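Colleague: So Swiss-Prot lists the following for this protein:
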- 1-25: signal peptide (SIGNAL)
- 26-130: domain 'CBM21' (DOMAIN)
- 26-115: region 'Adsorption to raw starch' (REGION)
- 116-604: region 'Starch degradation' (REGION)
- 130-162: compositional bias 'Low complexity' (COMPBIAS)
- Trp279: substrate binding site (BINDING)
- Asp336: active site, proton acceptor (ACT_SITE)
Amino acid sequence: MQLFNLPLKVSFFLVLSYFSLLVSAASIPSSASVQLDSYNYDGSTFSGKIYVKNIAYSKKVTVIYADGSDNWNNNGNTIAASYSAPISGSNYEYWTFSASINGIKEFYIKYEVSGKTYYDNNNSANYQVSTSKPTTTTATATTTTAPSTSTTTPPSRSEPATFPTGNSTISSWIKKQEGISRFAMLRNINPPGSATGFIAASLSTAGPDYYYAWTRDAALTSNVIVYEYNTTLSGNKTILNVLKDYVTFSVKTQSTSTVCNCLGEPKFNPDASGYTGAWGRPQNDGPAERATTFILFADSYLTQTKDASYVTGTLKPAIFKDLDYVVNVWSNGCFDLWEEVNGVHFYTLMVMRKGLLLGADFAKRNGDSTRASTYSSTASTIANKISSFWVSSNNWIQVSQSVTGGVSKKGLDVSTLLAANLGSVDDGFFTPGSEKILATAVAVEDSFASLYPINKNLPSYLGNSIGRYPEDTYNGNGNSQGNSWFLAVTGYAELYYRAIKEWIGNGGVTVSSISLPFFKKFDSSATSGKKYTVGTSDFNNLAQNIALAADRFLSTVQLHAHNNGSLAEEFDRTTGLSTGARDLTWSHASLITASYAKAGAPAA
């Protein structure tokens, strides 16, 4: 067996090195996105140093202060911080500030990046300034997040120092499983005899044959690797080479002759040639997901290596090629992510919108104002279409519209929830913690709770097993009856963790008539209009109950995974035994992103 096209002994060493770097990365300054290190005010000069998490290349850090009369001047008293130096062995940078001011009483820090705003306001107390020697903060300083259109006053509350603890047993298990899943995921990349950068959906070649590179699966898998390259594995050359290999394979397939003669070709052979058999094509979510992954990689790569030539010469043309395609085809029918229904799909539109929004920012940074404008306006038009998928009479999101062929189904589908995890951009638009996603989560879960025998008489520590959609007949290697999918169950756990993170960033959450069925599951006293404010016992209890529910989904994954941590595509709806493709790459990638979300640090 080979890994990274190297003999087993060498590749095993590389994977072990990968794991050891993850352990050592725990010594980075803080999990906060922005945190004060130290400051000094001598009566005339105010200066300091700030830890800034390197989320993207383009960022802005500002110190906002009240003057000697404790007047904020409508938050007009500002000092711009500037980049100073990277912090070795971490994904943090030092930023510094210095200004001559006549007087200062208190201050806080604002960090703007990728459409989000983070704050360090010293747990809502702000930093109180005295004329003294330099003062250093402790690692307990925390960060709050806010929508990109932030207010002119500091946030009223700070994010708690700890994410809800959930189930400690599951916390221990998932860290172990995360390592197993990472190894399995990497094992499916560059298998022997394949073209450089080939990411197999599974190494299974019969019963079923999944030994192909699906554009979607490869992009979502690489997105996980990019996130780690940008955070816990910053600077890791092995992982960088894996990502560059993925780019090489992907760029080649962009120009490969295919049956659909378009970028929406779903899958490719191990030698990077197009699959020519009958299939549901095109699948237009793939180019959008690939562009998103390429953009995240471009930002991280440029920050870490300062090598602009690779970004402008290789990544930029590929990104623009994919997104130009999305602009031209987004309103056309195509096959869904399950490859079974031809129509217009909620999931596909969500990942398209995300790719275009990131692409607009990327184009602007790269001097292409025309594309930036086109991508932005198209994303806005797509958002209007996405909103039409909400069916108020059902209180859930319809999965598809304008269906012209394929499987007939009522419209409930777990992909609408995966779209929130994978296709939202932290702007409140169908995000995991938004009311319509929460309502749909209740409806989808309820549909499987009564359908699958495995969900009958569940012990209290388990969550419901979740499939793709209730009418599913694909059994993993043919047609009879659908089963639970590991990535659907971990997707539910991730959705819950992301929702909690979102509410913390927003200072709380208010129940609406739409989301009430969700909140009733975790607080019997919930009513429409009730607000759970961060820092209150009501919010803490709610967050902990939802985290425990997420952990019950992970307990279900733990129960049905193989003893060695292997995760197939599915597990049987009656017996609970694994079925379908062995060690599905997407199953393992989904487990890893759920683990990050459980730790309060969801992937981009």
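Residue numbers in this text run from 1 along the chain shown.
Backbone N, Cα and C define each Cβ position, glycine as well.
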Colleague: Across the domain 'CBM21' (26-130), what does the mean pLDDT come to, as a whole number?
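Modeller: On average, pLDDT over the domain 'CBM21' (26-130) sits at 83.
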Colleague: Sorry to bug you, but what's the C-alpha spacing from the residue listed as 'active site, proton acceptor' to Trp279 (substrate binding site), rounded to the closest Å?
Modeller: 12
Colleague: Looking at Cβ-Cβ distances, which residues of the chain lie under 8 angstroms from the residue listed as 'active site, proton acceptor' while being 6 or more apart from it?
Modeller: Gln283, Gly343, His345, Tyr347, Thr348, Val399, Ser400, Gly406, Ser415
Colleague: Determine the Cβ neighbour count for the residue listed as 'substrate binding site': the number of other Cβ atoms within 10 Å of its Cβ.
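Modeller: The Cβ of the residue listed as 'substrate binding site' has 15 Cβ neighbours within 10 Å.
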Colleague: Can you tell me whether DSSP puts Asp336 (active site, proton acceptor) in helix, strand or coil?
Modeller: coil
Colleague: Per DSSP, how many helix, strand and coil residues does the region 'Adsorption to raw starch' (26-115) have?
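Modeller: Once the DSSP states are binned, the region 'Adsorption to raw starch' (26-115) shows 2 helix, 53 strand, 35 coil.
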